[in-house]
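Participant: Per TrEMBL, the feature domain 'Major facilitator superfamily (MFS) profile' maps to 27-288. Annotated transmembrane segment per TrEMBL: 20-37, 98-116, 128-150, 156-184, 196-215, 221-242, in sequence order.
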Amino acid sequence: MARLPAGIRFLVSFSRDQWYKAFIFILTFLLYASFHLSRKPISIVKGVLHRYCAAVNDDEVRFDGQSQKASDSPPHRLPDNETDCGWAPFGQDNYQQLLGALDYSFLCAYAVGMYLSGIIGERLPIRYYLTFGMLASGAFTALFGLGYFYDIHSFGFYVVTQVVNGLVQTTGWPSVVTCLGNWFGKGRRGLIMGVWNSHTSVGNILGSLIAGYWASTCWGLSFIVPGAIVAAMGIVCFLFLVEHPKDVACSSTPVAHSRSCENGVHRFRLQKQASPAQYRVNGFYLFS
């Protein structure tokens with residue numbers, strides 16, 4: 001019989017439980033990385049929502065060689081949905097307060113929603129709850145970008161969008177952490193969470209690249225594209241996320257090791273079992 005190829009030997013060296021754990025690890029990593037991806041555009045697009053106004057006066061017109069004709073020609077007009085200082089209402093003098101309000105409206109909603117999300121998430125199936133949160137987050141992230149295409153200049157529209165988006169984004173963390181806890185238990189928790197938490201950097205990097213690509217030409221797509229990615233990952237979550245190992249007849253802990261193996265407890269228990277049997281009679285211990 002021919003020897004199996006090295007790749008096949010590598011694949012069969014892992015058990016069914018290990019393959020499921022690796023799949024859940026990668027899936028939850030990508031799911032929460034997409035949440036971070038959708039949060040990044042606002043920090044990239046701020047420079048477009050408010051541009052530093054160039055000094056544009058009637059007597060400061062750029063001439064192209066014919067000064068007399070340039071003075072008679074009408075001034076350059078920007079598109080109807082833009083101004084010299086950026087996107088209204090963020091082109092005003094109080095733009096810093098307005099842009100700051102977008103940030104703390106999201107953060108306040110996220111902080112409040114995190115308390116509620118943990119309570120609600122424990123009472124609902126993780127897969128359904130996380131899918132709803134990702135679809136809703138994708139919708140409201142894209143809704144912010146639709147303000148560019150529909151020429152929306154209402155400050156309240158953008159604040160409400162940020163508030164609702166902050167609330168629905170809180171569905172992510174409790175759900176994925178609970179799912180990881182179900183699959184990996186307490187063993188090697190530090191290593192697992194340390195590697196898994198790199199999703200923050202991965203999501204921020206991808207979000208910055210996507211938002212930066214569209215920011216200077218069509219900033220609305222800087223929100224719509226990440227929103228579509230989050231919504232698509234929500235569908236993937238609904239189709240593939242397994243909440244608990246028992247749902248696919250897997251074990252959350254290695255078969256060869258139990259919880260009592262941690263910190264030398266198992267060794268102590270073996271020694272205790274090997275010692276003579278002891279009995280307590282009238283407050284005294286008797287050994288057999």
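Any Cβ shown, glycine's included, is placed from N, Cα and C.
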Participant: Under 8 angstroms for C-beta pairs, at least 3 of them, ignoring pairs fewer than 6 apart in sequence. Is the transmembrane segment (98-116) in contact with the transmembrane segment (221-242) by that rule?
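Facilitator: Stretch pair does not touch.
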Participant: Select the range from 20-37, 128-150, 156-184, 196-215 that forms the most Cβ-Cβ pairs under 8 Å with the transmembrane segment (221-242).
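Facilitator: By the under-8 Å Cβ criterion, the transmembrane segment (221-242) pairs most with 128-150.
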Participant: In terms of Cβ proximity under 8 Å, which residues at least six beyond the ends of the transmembrane segment (196-215) contact it?
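Facilitator: Long-range Cβ neighbours of the transmembrane segment (196-215): 25, 28-30, 32-41, 44-45, 47-48, 180, 221-223, 225-226, 229.
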Participant: The domain 'Major facilitator superfamily (MFS) profile' (27-288): mean pLDDT?
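Facilitator: Average per-residue pLDDT within the domain 'Major facilitator superfamily (MFS) profile' (27-288): 80.
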